[in-house]
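First up is the structure itself, then whatever we jot down about it.
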Ligand code: NAD
Ligand code: MG
């Protein structure tokens with residue numbers, strides 16, 4: 001990692017919800033940051049607009065046809081070079097001129113570029129939790145071997161990071177007793193359980209507190225998001241599963257907490273706006289303006305905390321089982337979930353069958369040790385195939 005000014009930043013997934021929030025924060029600090037690359041799968045017109053505004057060196061899209069489309073949209077304007085595919089993504093995540101990589105692609109598609117950034121020793125801002133969940137041990141080995149810095153963007157993990165000493169080599173040596181991972185409980189926290197099978201994609205995507213992409217919104221509604229975050233926290237903070245407790249906090253004001261041996265409970269609070277964790281990680285260890293209004297605790301009035309309902313949200317239990325089983329079990333959980341959520345969003349699977357399908361896949365897939373990227377990708381592919389079979393038969 002270098003200390004260049006301005007810092008050069010690649011935003012992987014710049015057209016997504018986190019990507020757009022990242023550009024909003026970066027645009028507030030043009031002296032400190034210059035944008036090296038922007039990437040999107042398919043929203044080419046939107047990416048072209050971003051290129052006009054931020055003049056990156058590179059723009060990357062998913063395939064050759066979309067690359068041509070983007071090229072013709074940008075013809076005669078600026079000097080942005082258009083690349084495509086995973087090779088393009090890995091290049092802009094690892095180029096020597098890049099200091100910081102925002103990993104905000106959704107799902108397994110973000111694994112290779114995020115890993116490429118880690119292997120090149122970048123400052124990596126990690127929003128793409130699926131990449132860490134599916135490849136935790138591989139990721140952590142690469143991190144140690146290449147001196148990269150991983151800063152959590154997920155609001156809960158960013159909160160935990162802020163409540164821990166820095167650096168934090170071991171939770172035990174830092175006097176940490178427990179991590180309290182908060183979650184709103186999603187839009188169906190109080191919906192009658194017998195009605196849940198009728199939930200539609202649009203209902204599932206209408207989160208009460210956060211505005212997010214569709215996949216993570218469904219994950220929040222099933223609470224698989226909290227399950228993935230549980231696993232993410234184990235990897236990021238070297239925590240044992242018994243050291244993490246999920247707490248339902250419907251207002252999403254406390255973003256998570258750390259309980260210390262001496263009775264102290266530290267919480268990070270703020271309005272639910274991803275620009276806060278993004279600005280925190282970008283500026284770390286300094287602080288900078290994020291465009292987020294200060295939290296008005298008096299207007300807020302009250303904060304509630306409850307235990308999670310593992311019967312209503314079986315995905316939470318499945319995630320806990322996956323991290324206990326270790327090895328490739330979290331990879332299988334994540335792959336089955338991605339396929340099931342996609343099927344639900346396309347109207348091919350009932351909301352309550354998402355968990356049923358994942359559990360069946362987990363029961364069928366063997367647990368192996370994750371020795372490298374090849375094992376991760378083979379496990380992922382196999383679990384996706386199993387999930388398609390299971391969903392077809394439900
Ligand atoms: P999103 O769906 O809004 O955006 C995803 C981005 O990834 C888009 O730019 C899209 O073009 C790109 N992308 C998708 N599939 C791709 C592929 N196959 N190849 C290349 N690019 C691809 O998602 P989001 O809500 O911004 O979430 C991004 C990540 O951040 C996820 O891992 C999510 O879990 C995490 N996260 C999001 C939030 C939030 O508030 N949205 C909060 C915490 C964590
Ligand atoms: Mg989160």
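Each residue, glycine too, has its Cβ placed from N, Cα and C.
TrEMBL lists 154, 156 as Mn(2+)-binding residues, and of the candidates 81, 87, 229 the one it assigns to that same site is 229. Among the candidates 207, 280, the residue that TrEMBL annotates alongside 129, 155, 156, 184, 220, 225, 226, 229 as binding 1-deoxy-D-xylulose 5-phosphate is 207.
Listed by TrEMBL as binding NADPH are 15, 16, 17, 18, 128, 130; the candidate from 183, 185, 186, 213 that the record includes in that site is 213. In the three-state DSSP scheme, residue 207 (1-deoxy-D-xylulose 5-phosphate binding site) falls into the coil class. Cβ-based neighbour count (10 Å, all protein chains) for residue 225 (1-deoxy-D-xylulose 5-phosphate binding site) stands at 29. Neighbour counts of Cβ atoms within 10 Å were compared across the binding-site residues 16, 213; the minimum falls on 213.
Among the binding-site residues 15, 18, 129, 154, 156, 207, the ones whose Cβ sits under 6 Å from an atom of ligand 2 are, in sequence order, 154, 156. Residue 128 (NADPH binding site) has its Cα within 10 Å of the Cα of these binding-site residues: 154, taken from 154, 156, 225, 229. For residue 18 (NADPH binding site), the same-chain residues lying six or more positions away in sequence with a CB closer than 8 A to its CB are 102, 104, 127, 153, 213, 274, 278. Using DSSP to sort the residues of the domain '1-deoxy-D-xylulose 5-phosphate reductoisomerase N-terminal' (9-136) gives these counts of helix, strand and coil: 62 helix, 27 strand, 39 coil.
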